[in-house]
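**Q** Got a structure for you, questions after.
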Amino acid sequence: MSLAKPILLVGAGALGSSILKGFRVQGHVTPSDVMILDLKPGEEAQAYAADGAKLNPLPEIWHSAKTIILAVKPQGWHAVAQILNGNIDKAAVIVSVMAGVTTTQLKQAFAGHPTARVMPTTGVATGKGVASLYADTVAGMDAARGLFAPMAQTVELADEDQINSATAVSGSGPAYVYAFVRALEKAGRANGLSYSHARDLARGTLISAARLLDETGEDPEALIKKVASPGGTTEAALNILCKPGEGLDELILASVDAAHKRSRELG
Ligand SMILES: NC(=O)C1=CN([C@@H]2O[C@H](COP(=O)(O)OP(=O)(O)OC[C@H]3O[C@@H](n4cnc5c(N)ncnc54)[C@H](OP(=O)(O)O)[C@@H]3O)[C@@H](O)[C@H]2O)C=CC1
Ligand SMILES: O=C(O)[C@@H]1CCC=N1
């Protein structure tokens with residue numbers, strides 16, 4: 001796995017900052033390997049600059065970048081491509097984490113550059129995220145792996161269209177889980193718990209359940225059976241939560257379908 005450095009990160013917002021944190025946690029990219037372009041650099045970008053990264057360097061410095069990560073909103077990326085073009089090395093690999101923007105569009109904007117698409121989760125900040133990778137060249141896939149494999153469980157997609165599905169399930173997925181925790185907290189308060197007890201119980205339950213899923217490797221179905229005693233409290237809840245035809249399965253399917261559709265539109 002080879003990763004050509006230095007790296008130019010364009011956009012250090014929610015995801016760009018998570019990537020920077022992941023580099024720091026795993027150590028596969030050091031601040032001195034990094035240049036950052038961001039209009040209003042946040043805490044993480046500034047911490048990187050204090051540790052030796054080049055923050056908003058002049059365009060003549062961009063030529064040294066061997067790998068360029070595009071982490072701006074899909075709506076703003078054309079302006080970024082215009083600014084970069086003419087100022088970057090022809091061999092630099094373009095790694096886009098943007099939802100919806102296709103390889104064909106990237107190749108039109110960055111003619112001659114190897115490209116890759118990655119759909120990470122913000123969990124890369126902990127060094128244990130998830131990332132789906134797609135590239136149509138060896139150089140592109142090498143760069144994507146080199147950046148993300150140290151800080152994410154990676155899935156390599158053979159079909160670019162599946163990036164839209166990966167975005168809908170995994171890229172957006174952490175927000176679904178947080179929405180569930182928020183709902184559980186609210187329901188705890190509505191059922192008589194104090195704010196802090198509802199918060200601790202809902203969050204702790206998610207974290208301990210996720211640990212069991214991870215550590216046992218068991219299917220959700222088997223783990224559900226271990227919690228739900230026949231005729232007990234869990235069954236009473238699941239009869240509502242997973243009501244056939246109008247329960248969680250249908251709600252999640254409709255939600256993921258909506259995200260998938262939006263991912264296609266963003267290109
Ligand atoms: N957030 C997530 O969980 C995930 C996001 N993504 C993708 O990552 C990309 C970024 O998303 P996210 O981090 O959430 O968005 P943010 O808005 O938080 O971050 C984008 C950053 O880019 C900066 N920016 C905008 N224009 C420029 C420019 N011309 N030059 C330099 N920096 C610029 C923005 O600055 P300013 O705020 O000043 O405009 C902002 O700091 C999107 O394309 C999204 O699809 C993919 C997977 C997960
Ligand atoms: O919401 C979005 O569009 C981005 C892509 C996946 C997660 N956040």
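Each residue, glycine too, has its Cβ placed from N, Cα and C.
Nobody curates TrEMBL annotations by hand; they come from automatic prediction.
Okay, these came from TrEMBL:
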- 8-100: domain 'Pyrroline-5-carboxylate reductase catalytic N-terminal' (DOMAIN)
- A71, V72, K73, P74: NADP(+) binding site (BINDING)
- 160-266: domain 'Pyrroline-5-carboxylate reductase dimerisation' (DOMAIN)
**Q** What is the pLDDT of the domain 'Pyrroline-5-carboxylate reductase catalytic N-terminal' (8-100) when averaged and given as a whole number?
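**A** The predicted confidence over the domain 'Pyrroline-5-carboxylate reductase catalytic N-terminal' (8-100), as a mean pLDDT, is 97.
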**Q** Would you identify the secondary structure of V72 (NADP(+) binding site) according to DSSP, in three states?
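**A** For V72 (NADP(+) binding site) - judged by DSSP and reduced to three states - the answer is coil.
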**Q** Per 10 Å Cβ neighbour count, which of the binding-site residues V72, P74 ranks highest?
**A** V72
**Q** In sequence order, which residues at least six apart in the same chain have a CB under 8 Å from the CB of A71 (NADP(+) binding site)?
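**A** For A71 (NADP(+) binding site), the qualifying residues are L9, V10, G11, A12, G13, L15, G16, I19, V97, M98.
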**Q** Relative to the mean position of the Cβ atoms of A71, V72, K73, P74, the recorded NADP(+) site, which additional same-chain residues have Cβ within 8 Å?
**A** G11, G13, L70, Q75, G76, W77, V80, V97, M98
**Q** Taking the Cβ of K73 (NADP(+) binding site) as the centre, count every other Cβ atom within 10 Å, in any protein chain shown.
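**A** Looking across every protein chain shown, the total is 12.
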**Q** Which residue counts does DSSP give the domain 'Pyrroline-5-carboxylate reductase dimerisation' (160-266) for helix, strand and coil?
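**A** Per DSSP, the residues of the domain 'Pyrroline-5-carboxylate reductase dimerisation' (160-266) fall into 85 helix, 0 strand, 22 coil.
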